[in-house]
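Worksheet for the structure shown next.
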Amino acid sequence: MVGLQPSEVPPTTVVKFLGAGTAACFADLLTFPLDTAKVRLQIQGENPGVQSVQYRGVLGTILTMVRTEGPRSPYSGLVAGLHRQMSFASIRIGLYDSVKQFYTPKGTDHSSVAIRILAGCTTGAMAVTCAQPTDVVKVRFQAMIRLGTGGERKYRGTMDAYRTIAREEGVRGLWKGTWPNITRNAIVNCAEMVTYDIIKEKLLDSHLFTDNFPCHFVSAFGAGFCATVVASPVDVVKTRYMNAPPGRYRSPLHCMLRMVAQEGPTAFYKGFMPSFLRLGSWNVMMFVTYEQLKRALMKVQVLRESPF
C-alpha cells in the first residue's frame, strides 16, 4: 500500500464491515420517524374496531403520534433499530463485495448480474438470521400504541423487551417472522446492492460521473426506489406478522391471505410513500456516508502503514 493514494487502495473487508454498520446507524438516526410512520400505516386496519387513532399520510401520521403520544414517539424503538443496523447492515452491505468475489469464477474480470443477485440474496439471508431479534423488538416498539390497554407500555426498555418476549413467547418469539423477513431482505438487498452496483458501474463506464458524491447520490436514489417497489408487499406481511400477538396468524401465508380477504390487494402497498421516502433517503445517506467512511478509514490505514 506504500505509495498509493487512499482512493486507490481497495478497502479491506473489516473496513467495509465497520463502515457499513456505522453508516447505516447514521442513516437510521435521521430517517427513523419515517420508518415508524411506515409501520403504523402498515398495521392500520389489521384489527378493525380496536384502533381509535387513524393515520393519514406520512406527515399526518408523525404529527398524530406527536400529538397523542408525545414528541419522542416517532423515535420509539430507535435503540433496537441501532442494534439491528450494527448487526444487519454490517453483514448484508459490508460482506456483499466479498461474497460477490467468492461466487465470481476465477479469471473473470466482472461479476454477472446473476452472481450479484446471488451475493445479495446470500448476505441478506445471513444478516436476517443474525439480526432478527433486534428487528422484532424494533417493530414492537414502533407499534407500541396497539399493544396493551390504555396506552400503557408493555416494555420498560429495549433489554426488557428482549427478556419479556423470550419469557412470554419463548426464544422462538425473538425469531418470529424470520422466513418472511429473509424473503423481504433477500429482495431488498438484491434491489439495493445490485441496483446500486450496476447504476454506479454504468455511470462510471459512461464517464457521466467520476467516483464522487453525485455518482453515489444518483446510484443510491435509484436503488432505494427499486427496493421499495419490489419489497413493499413482503414488508407489509412481515410487519403484520411480527407485531401480531400469539395465535392471530398461523403463518405468514395465513397473514397474507387474511389481508387480501379483509382489505384487498392494495393492502400490500400500505405505507408505500413513507417506505419510499424512508428507503430513498436512507439509501442516499447510507451509501454516501459509507463511501466516505471507506475512504477515510483507508486513509488512516495507509498513513499508519506508511514509513514516513
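Quick reminder: no glycine exception, Cβ is built from N, Cα and C everywhere.
Taken from Swiss-Prot, the feature region 'Purine nucleotide binding' applies to 275-297, supported by similarity to another entry. Counting residues 6+ beyond its ends, the region 'Purine nucleotide binding' (275-297) has Cβ neighbours under 8 Å at 6-7, 11, 15-16, 18-20, 22-24, 26-28, 30-31, 34-35, 38, 58, 89, 93, 192, 196, 213, 216-217, 219-221, 223-225, 227-228, 232, 235 in the same chain.
According to Swiss-Prot, the repeat 'Solcar 1' annotation covers 11-102.
Sorting the repeat 'Solcar 2' (111-202) by DSSP state (H, G, I as helix; E, B as strand; all else coil) yields 74 helix, 0 strand, 18 coil. Positions annotated as repeat 'Solcar 2' by Swiss-Prot: 111-202.
Taken from Swiss-Prot, the feature repeat 'Solcar 3' covers 211-296. On the 0 to 100 pLDDT scale, the model's mean across the repeat 'Solcar 3' (211-296) is 88.
Here Swiss-Prot flags 1-10 (among others) as topological domain 'Mitochondrial intermembrane', drawing on similarity to another entry.
Annotation source Swiss-Prot lists topological domain 'Mitochondrial matrix' at 33-73 (among others), citing similarity to another entry. Same-chain neighbours of the topological domain 'Mitochondrial matrix' (33-73): 81, 139, 142-143, 145-146, 151, 235-236, 239-240, 243-244, 262-263, 267, 270-271, 273-275, 277-278, 281, counting only residues six or more beyond its ends whose CB sits under 8 Å from a CB of the stretch.
Tertiary proximity for the topological domain 'Mitochondrial intermembrane' (97-116) is limited to same-chain residues at least six positions away from its ends with a CB under 8 Å from its CB atoms, namely 13, 16, 122-123, 190, 193-194, 197-198. As annotated by Swiss-Prot, topological domain 'Mitochondrial intermembrane' applies to 97-116 (among others).
What Swiss-Prot lists as topological domain 'Mitochondrial matrix' is 134-179 (among others).
The topological domain 'Mitochondrial intermembrane' annotation in Swiss-Prot covers 197-213 (among others). Tertiary proximity for the topological domain 'Mitochondrial intermembrane' (197-213) is limited to same-chain residues at least six positions away from its ends with a CB under 8 Å from its CB atoms, namely 7, 113, 116, 219, 222-223, 288.
Summarising the annotation, Swiss-Prot assigns topological domain 'Mitochondrial matrix' to 234-267 (among others).
Taken from Swiss-Prot, the feature topological domain 'Mitochondrial intermembrane' covers 291-308 (among others).
If you look up Swiss-Prot, you'll see 11-32 (among others) marked as transmembrane segment.
Nonlocal intrachain contacts for the transmembrane segment (74-96), taken as residues 6+ away from its ends with a CB within less than 8 angstroms of a stretch CB, comprise 13, 16-21, 23-25, 27-29, 32-33, 35-37, 62, 65-66, 119-120, 123-124, 126-128, 130-131, 134-135, 137-142, 144, 157-158, 161, 185, 189, 193, 286, 290. Residues annotated as transmembrane segment in Swiss-Prot: 74-96 (among others).
The transmembrane segment annotation in Swiss-Prot covers 117-133 (among others).
The transmembrane segment annotation in Swiss-Prot covers 180-196 (among others).
Residues or ranges marked as transmembrane segment by Swiss-Prot: 214-233 (among others).
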Six or more residues out from either end of the topological domain 'Mitochondrial matrix' (234-267), which same-chain residues have a Cβ under 8 Å from its Cβ atoms?
39, 42-43, 45-46, 48, 135-136, 139-140, 143, 146-147, 169, 173, 176-177, 179-181, 183-184, 187-188, 275
Sequence-remote contacts (6 or more beyond its ends) of the transmembrane segment (214-233), Cβ cut-off under 8 Å?
184, 187-188, 191-193, 195-196, 199-200, 203-204, 268-269, 271-272, 275-276, 279-284, 286-288, 291
